């Protein structure tokens, strides 16, 4: 049973790392928390490309 858990966690870590590597080169952002490069990128309706201090992410836009 513990071997199954270790294998499952390893596969999860590999998949998460692979998705992160893909997001590094992504220009547009189609889902919440996906990296974007500026306000000109295409976040979903109701989201804006907002700086988190280091990177930009699509976040809900609550108004001006």
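Here the Cβ of each residue, glycine as well, is placed from N, Cα and C on the backbone.
Residues annotated as disulfide bond in Swiss-Prot, with a large-scale study or a structure entry given as evidence: 29-43, 36-49, 42-58. What Swiss-Prot lists as signal peptide is 1-18.
Counting in whole angstrom, residue 43 (disulfide bond) lies 8 from residue 36 (disulfide bond) by their C-alpha atoms. A separation of roughly 7 Å, to the nearest angstrom, links the Cα atoms of residue 58 (disulfide bond) and residue 36 (disulfide bond). In this view, residue 43 (disulfide bond) is surrounded by 23 other Cβ atoms within 10 Å of its Cβ, with every protein chain counted.
Look at residue 36 (disulfide bond): DSSP puts it in a strand.
All protein chains shown were included, and the count of other CB atoms within 10 Å of the CB of residue 58 (disulfide bond) stands at 23. DSSP assigns residue 49 (disulfide bond) to a strand.
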